[in-house]
Amino acid sequence: MPCAQRSWLANLSVVAQLLNFGALCYGRQPQPGPVRFPDRRQEHFIKGLPEYHVVGPVRVDASGHFLSYGLHYPITSSRRKRDLDGSEDWVYYRISHEEKDLFFNLTVNQGFLSNSYIMEKRYGNLSHVKMMASSAPLCHLSGTVLQQGTRVGTAALSACHGLTGFFQLPHGDFFIEPVKKHPLVEGGYHPHIVYRRQKVPETKEPTCGLKDSVNISQKQELWREKWERHNLPSRSLSRRSISKERWVETLVVADTKMIEYHGSENVESYILTIMNMVTGLFHNPSIGNAIHIVVVRLILLEEEEQGLKIVHHAEKTLSSFCKWQKSINPKSDLNPVHHDVAVLLTRKDICAGFNRPCETLGLSHLSGMCQPHRSCNINEDSGLPLAFTIAHELGHSFGIQHDGKENDCEPVGRHPYIMSRQLQYDPTPLTWSKCSEEYITRFLDRGWGFCLDDIPKKKGLKSKVIAPGVIYDVHHQCQLQYGPNATFCQEVENVCQTLWCSVKGFCRSKLDAAADGTQCGEKKWCMAGKCITVGKKPESIPGGWGRWSPWSHCSRTCGAGVQSAERLCNNPEPKFGGKYCTGERKRYRLCNVHPCRSEAPTFRQMQCSEFDTVPYKNELYHWFPIFNPAHPCELYCRPIDGQFSEKMLDAVIDGTPCFEGGNSRNVCINGICKMVGCDYEIDSNATEDRCGVCLGDGSSCQTVRKMFKQKEGSGYVDIGLIPKGARDIRVMEIEGAGNFLAIRSEDPEKYYLNGGFIIQWNGNYKLAGTVFQYDRKGDLEKLMATGPTNESVWIQLLFQVTNPGIKYEYTIQKDGLDNDVEQQMYFWQYGHWTECSVTCGTGIRRQTAHCIKKGRGMVKATFCDPETQPNGRQKKCHEKACPPRWWAGEWEACSATCGPHGEKKRTVLCIQTMVSDEQALPPTDCQHLLKPKTLLSCNRDILCPSDWTVGNWSECSVSCGGGVRIRSVTCAKNHDEPCDVTRKPNSRALCGLQQCPSSRRVLKPNKGTISNGKNPPTLKPVPPPTSRPRMLTTPTGPESMSTSTPAISSPSPTTASKEGDLGGKQWQDSSTQPELSSRYLISTGSTSQPILTSQSLSIQPSEENVSSSDTGPTSEGGLVATTTSGSGLSSSRNPITWPVTPFYNTLTKGPEMEIHSGSGEEREQPEDKDESNPVIWTKIRVPGNDAPVESTEMPLAPPLTPDLSRESWWPPFSTVMEGLLPSQRPTTSETGTPRVEGMVTEKPANTLLPLGGDHQPEPSGKTANRNHLKLPNNMNQTKSSEPVLTEEDATSLITEGFLLNASNYKQLTNGHGSAHWIVGNWSECSTTCGLGAYWRRVECSTQMDSDCAAIQRPDPAKRCHLRPCAGWKVGNWSKCSRNCSGGFKIREIQCVDSRDHRNLRPFHCQFLAGIPPPLSMSCNPEPCEAWQVEPWSQCSRSCGGGVQERGVFCPGGLCDWTKRPTSTMSCNEHLCCHWATGNWDLCSTSCGGGFQKRTVQCVPSEGNKTEDQDQCLCDHKPRPPEFKKCNQQACKKSADLLCTKDKLSASFCQTLKAMKKCSVPTVRAECCFSCPQTHITHTQRQRRQRLLQKSKEL
């Protein structure tokens, strides 16, 4: 299928369409050839279609540009809320179908699935059921389809696994589905099948099983009205016709045959795809109502369901299904899974009225919507057309009758509708008829769609797996088991273990437990036979934002850095499931936007250089950045001398430009590329106008558009100059050609693109301060750059073929415009000194000027005049002395390019920076640092190539004048590697370059015979020389003969008009090419002239030797042309036209040449300056003449009309590498005697050339030189007034370089003429590739160069440009991927110029012999050995995480390093704990045996957290004692020891005693009287009291 231009996508200009043509066609269609169908069932179906198309859909953006071959719509997050006002995500696809593009504009069908959608798998009954809140992806789409040249159609597609669904176009309905089981290729298309709806193979037209009868339809309505009155008596109906949205909550059931056919894992996706299509059909405006089909529940019958019988008999199946679906439908419409209609999908071949297969596709109750026992239908699965069947049967549920039966909607012209009884497969799209609209509107207006008014509610289910008891309460479970009259037995307890139901007053049970989720009490439900409490969560607290933090430091000192401020969600923090704060968390602004110095390193380069001091794989490198377009805000760096790159940072520092070069101001912030406007505001839409003025209106801009029309040229030709400051540069060819665009600077020797005859790759090239995008699609080239350029550049064209035209344009600011900004309001002012540039040694502090606004402060630098910005200041700063460090020099070249002994060295010194110098120190001063390596192995993984062997040189092909010698060159294969082709010796060489002797300067003529026209001539190829002069000759003959010159002219030379007749065919000169109008006239003055007739000349090569005539002025090797005449051959005195086809040349077009005979009129002819057309000489022989006469190759100019048919007087001439010879035209004279005349040459003198009557005016603006042509002195002349060609004329012709082959030239004079230069043949190019030279012999005709000094000497040499000397450059092999058991290693292969080592495009190497060097090779094939391990050592620590070690070694060094056993293992990871003891308490008694107590705890050791104390175990050490004895001595009996008074106050001691603190030893000691010792007897206490009483009395 052709790739058509999508001009209908947007209002693109022709230029923009050309630029984007390649992108729009990318990934357009599958490759030609048959498509395999791995799935047999699909193959059988497709092969049965009369017509189908294989397409390759691609995902595109809104503009139609290619994005991906991946078609899946990637919404992986949890399903969003589907409110009607929510935002929608759009997705776009493009398909090339029937030579036109289809552009799909789709969005997720938000209302297609209910928010409480449930997928349920049933295994026979309710006790074996699995319910899940399905996680079906949001891949079901709906929208529009746009076809080129037509209006918009509708589409409903599912992008879950490819594109499946249907779309409507004005000329028909189409289905699309992917080729199943087709292998998915990364980066490749997935083939899809598109077929028309009417092309679905069916033996007969399928029908609907609903019977068409007036009586039946009337009875259905009466039954419905009766049911409405009986079941809904209190509902008042509004008789107004109000259009409002309706939601049809739908249950879809798939039987076991559906699951078996589509597979358990695919059936859900297939059904949802079908229902998505059904939704699209009900959204067709022809239905006249807003109806939404919403799937709330999908039931997959994994096993045959009890109570549901699906048979061939459609009515019985429908009756069984309706009864069954009512039993499982929750009664309350508020239940999230309550359905309004049930749809059964089956693979059973159903038939209306019979229990056998037939053509019935579906059956439904008429007007059954919202009736629980009749709102149901059955549908036979027939593939994607199933969607139309379901829509048809749902229409019956809305009371829609068949079209054409008892109504006026009979399909006109067999144009069907959705509600046609027989689903005829007509190409036009299916819609709802006017009758269908009236039926459904009447149904809804009567209030029969009352159940469709509620919007599907979202149910608060938290778990993905839903317990059945949540949906079915205990009463419903009993009804499912024992019928609709059963209820739950309230008297029975422990419902979670056994469900008891009341049936006819008796409690019965099947000893089954109630379903999980059944309510078993307040805030409790059944789970796994147990009643579990459902906890209530506290009220949630939503979060609130706190205050903004101050602005951070600027990330850069110049070039637009970034500052940030952030706020936290802590006012208050969200708790108990409360929503987190929404809105802006962190804000950014740009700072220090003034540009950095041009010589300063880029910001990315500075970040890469930070890793110069960080060892990478134990080596230090100097890193520089590389750009990854796919991840512009990640930092990738590459060593300067390395061939690998590494991602150093996941996110560059804020303020790093996203793209280096160009005019993009976008910067990376927090790892994301942010758009920055020209006003340096983040996410700003401020842009520059066409000439760079921020927020400008373009009034200061001018766009220059030019066209380069030069058709022909050689080498590099200037197209035009792009001035400095140019923007929006576009250069493009009008049509594809074989030419190449090039760019060079104003320096002629400096090329930026495609210079030196080297064609570069497509891509972006940084030059002149901007980036030029060079793109070549086929032969069409274009250049684009945003600008501005910082220097003027020349656009050139490297000519290869005719230029069809090149147009280019650019935008530049007008000259002489004043700046509207008031300059006096803004001025430059120096800022603060920066910190020292170094942390040690001597550095620099800088001070820069900032743009200041008067009365405001520092503003952006763009407000100040950059021309007046003062230079920055700097001064030295001295810091502490720098410490010693290692300095490593550059690596020397490797000692070997291959083999096992390669090494490279470098110098490593210990140095210290002292001011501006480096001082070398002893190595011991740096011994604390890691010393870089001084010796490194290299090229050891590269096998050395085999050696070339050469043979002896052959003899030279010629002895002089330039020849070739050859020799054999073979590869010895003395190594495993092949020979290096880049070092292959030459097998050919030039030889015999010495000049040939003068006696052989004239070559021997070719041999030839003349035939009488029976055999066509075989033309000898004549190589076209680089310089193609014109040469004019006339036949020469013996001196005694009166000669005449045959005329070669345009047809009808006697008329002066531009029209003529060629053998009965009309011709007309083209006035649009004036360069074709000039002619040459060569004639003699004889009155009796032999004429070349149209039937007389034929040329036939022969192997006979030809010698020159004794009577003619010829010599060996001379070239003579003859004219003969004989009896029986007619002749004419009128000039005869000889049309000639020019030699093929794409550069110039030469003039027409005429040679007239007879006494014709004098004709002037304008001189033609063009010398590019070739003139070929031929050699002929006249039969019937004893003296063999040689002929000369005659130079011929192109005819007036370049393409003459075979019916013309003369056949066309060969154009490519062939001599220009007319065929099968014998030439004779009246006398039969050959006439030989001298050579005629053209001299650019001031003498005039006669002009014929049919002269074509010469181009305007040119003054032609008139050439006076004379015959040589040795020729007989007549008394004609026409001039003759002189010897001087012939010399002039040779001098001007018009002679094609001087060696074939026979000197016309007898030695009395003037001297002239004679040139030899051009040699072959001196080289087989690259720049070389052609050589030829140049000598004076007198053999004395001084005689020809007055004449300009022709060039003896000229340059020749052949293809570049291309060769394959191979990089170093990488390390082997495995060290044993077979790995691989890779290397880089590049096509390079073997002379200057520049990279070439790969096609330059396609002519090299042999295949390219391999990119990869196997390595280390030896089998891996087993690792040897030693026993584990003891743990290094007894607690707190120790390490065990063991020896792991490989005996032979050939073990798999990826499977190396661990040599270390953690051990004793428990916490280190110890027993901690407190201080001993006081002894419980002062005598008589007491005890002391202290605290003993197991606590973590030092360094562990105190909260880890619960995890401590101290069993490994004995527990310290917690008690000990004290004061074991016996108490003394002395009365002095008796306590008679408390040491503290009596009242305080009584208080302590009341608080029961007497047991405390310190309290007992201070209050000894109030708290006596326990061992004091009663008598002692009495005696103590008496003593105390006495003391008081005293």
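Glycine is treated like the rest: Cβ placed from N, Cα and C.
The following features are taken from Swiss-Prot:
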MOTIF     208-213  motif 'Cysteine switch'
DISULFID  Cys322-Cys376  disulfide bond
DISULFID  Cys351-Cys358  disulfide bond
DISULFID  Cys370-Cys451  disulfide bond
ACT_SITE  Glu393  active site
DISULFID  Cys409-Cys435  disulfide bond
DISULFID  Cys478-Cys501  disulfide bond
DISULFID  Cys489-Cys507  disulfide bond
DISULFID  Cys496-Cys526  disulfide bond
DISULFID  Cys520-Cys531  disulfide bond
DISULFID  Cys554-Cys591  disulfide bond
DISULFID  Cys558-Cys596  disulfide bond
DISULFID  Cys569-Cys581  disulfide bond
COMPBIAS  1040-1057  compositional bias 'Low complexity'
COMPBIAS  1117-1132  compositional bias 'Low complexity'
COMPBIAS  1151-1163  compositional bias 'Basic and acidic residues'
DOMAIN    1472-1532  domain 'TSP type-1 8'
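Inclusion criterion for the disulfide-bonded residues Cys358, Cys370, Cys478, Cys496, Cys569: a C-alpha placed within 10 angstroms of the C-alpha of Cys558 (disulfide bond); this criterion is met by none of them. For the recorded site, the residue listed as 'active site', the DSSP three-state label reads helix. Comparing the Cα of Cys591 (disulfide bond) with the Cα of every entry in Cys370, Cys478, Cys581, these being the disulfide-bonded residues, the smallest distance points to Cys581. Cys520 (disulfide bond) is 6 Å away from Cys526 (disulfide bond) when you measure Cα to Cα.
For Cys358 (disulfide bond), the Cβ neighbour count at a 10 Å cut-off comes to 17, with all displayed protein chains included. Ranking the disulfide-bonded residues Cys451, Cys496, Cys554 by Cα distance from Cys489 (disulfide bond) puts Cys496 first.
Geometry remark: Cys376 (disulfide bond) versus Cys501 (disulfide bond), CA distance 29 Å. Sequence-distant neighbours of Cys501 (disulfide bond) (same chain, 6+ apart, CB under 8 A from its CB) are Gln477, Cys478, Gln481, Tyr482, Ala486, Thr487, Phe488, Cys489, Cys507, Arg508, Ser509. For the motif 'Cysteine switch' (208-213), the model gives a mean pLDDT of 60. The recorded positions shown are Cys351, Cys358, Cys370, Glu393, Cys596; of these, the one with its CA atom nearest the CA of Cys554 (disulfide bond) is Cys596. Within 10 Å of the C-beta of Cys526 (disulfide bond) we count 25 further C-beta atoms, all protein chains included.
Residue pair Glu393 (active site) / Cys322 (disulfide bond) shows a Cα separation of 14 Å. In the three-state DSSP scheme, Cys376 (disulfide bond) falls into the strand class.
Secondary structure of the domain 'TSP type-1 8' (1472-1532), assigned with DSSP and counted as helix (H, G, I), strand (E, B) and coil, comes to 6 helix, 18 strand, 37 coil. On the backbone, the CA of Cys351 (disulfide bond) and the CA of Cys322 (disulfide bond) stand 17 Å apart. In the three-state DSSP classification, Cys554 (disulfide bond) falls within coil. One residue stands out among the disulfide-bonded residues Cys507, Cys591 for having the most other Cβ atoms within 10 Å of its Cβ: Cys591. Separating the Cα atoms of Cys581 (disulfide bond) and Cys370 (disulfide bond) is a whole-number distance of 44 Å. Cα separation, Cys569 (disulfide bond) to Cys531 (disulfide bond), rounded: 40 Å. In this structure, the C-alpha atom of Cys451 (disulfide bond) lies 35 angstrom from that of Cys358 (disulfide bond). Sequence-distant neighbours of Cys531 (disulfide bond) (same chain, 6+ residues apart, CB-CB distance under 8 A): Asn494, Cys496, Cys520, Gly521, Lys524, Trp525.
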